[in-house]
């Protein structure tokens, strides 16, 4: 039985109404992600009493979620030039309102509420703040939870959906013993304090029913060694980022479709490097789609080196030649083993009419990620590739350290 079935969550509509009224709600993320609940409220409605409640009962770090545009306007720089947070949380340098605005130490509930209110004031300038401080700004992704299923994005989305300034105040909820509160504890907490409680998964579904972040800008036929596919060009409505997908055949919306979500790999896909198994997986997926007569391959640009980029990927190759494995090399460079997000890929699949998938993957994380965006994986279809002398260790590390299933 899932948590959704076992526990009674509120509707997103109920949460939006409470946010509009200036109340807090609890937002819970996926059990396979952080598996925690945050107190969330609109920054526009923050008060010293609300900050005090978060500090007293939430006990976590009180943060201010802002849009990328607002972070730029206030000249809020990343806390570190190299973000190694496995979840990709974008912390900016902490701030306090300048003492000229009436703050003292910056840490009091009054001072923090004042800092937050000032940060969303239309007249605020970078010079209105001192750094470091006691309020921790977080930069949300432009597409909100449809791009990243995090509390940062959820808080901004809820404020925007409530018709308020798109910024949120969030605080993790811990138990009395200092450990993180999980869903059963959060349900008790919500009941005790009369708070609504929702999941990020439900917020994603709510938005998916009403909006999309991608638009198809062109389609054409693409002859390949495996048959004639259709290639579709997509553009992110907010960032302008471009992506492509290949399709063959047609399907009904309730029909499970053979799908491959493939991460960009210049060295493997284009230069046929033996260091990885990317090109063989790409070609095998196209072959399997052609054999089936229908299916989709989404090719995610920007996923080079599991999200670290081509230059860092080649730096990782250098380290591998010195004895580091692929995971150790990423960590030596200051990156988590895998930085990829699949929200845009999920949006493209939905636009192509896919709701149920037979997903061609060896990566269990990809299954969890795509299901988090409202798609159903009815079957995992393994892609079996014979190792070569150059990628044998690489494949073993993916199996042992990243949980890939071969």
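Glycine residues also receive a Cβ, built from the backbone N, Cα and C atoms like all the rest.
Record note: Swiss-Prot gives 260, 261, 262, 263, 264, 304, 305, 306, 326, 361, 366 as GTP-binding, and the candidate from 73, 281 in that site is 281. Distance between Cα atoms for residue 276 (Zn(2+) binding site) and residue 306 (GTP binding site): 12 Å, as a whole number. In terms of C-alpha distance, the listed recorded positions 134, 151, 172, 361 place 361 closest to residue 338 (active site, proton acceptor). Take the mean position of the Cβ atoms of 265, 276, 278, the recorded Zn(2+) site; other residues of that chain with a Cβ within 8 Å of it are 263, 267, 268, 269, 273, 275, 277, 279, 281, 282. Within the group of binding-site residues (38, 172, 264, 304), the Cβ with the highest number of other Cβ atoms inside 10 Å belongs to 38. If you compare Cα positions, residue 340 (active site, nucleophile) sits closest to 304 out of the binding-site residues 260, 265, 278, 304, 361.
Residue 306 (GTP binding site) carries a helical DSSP state (H, G or I). Of the recorded positions 134, 151, 306, 151 has the largest number of other Cβ atoms within 10 Å of its own Cβ.
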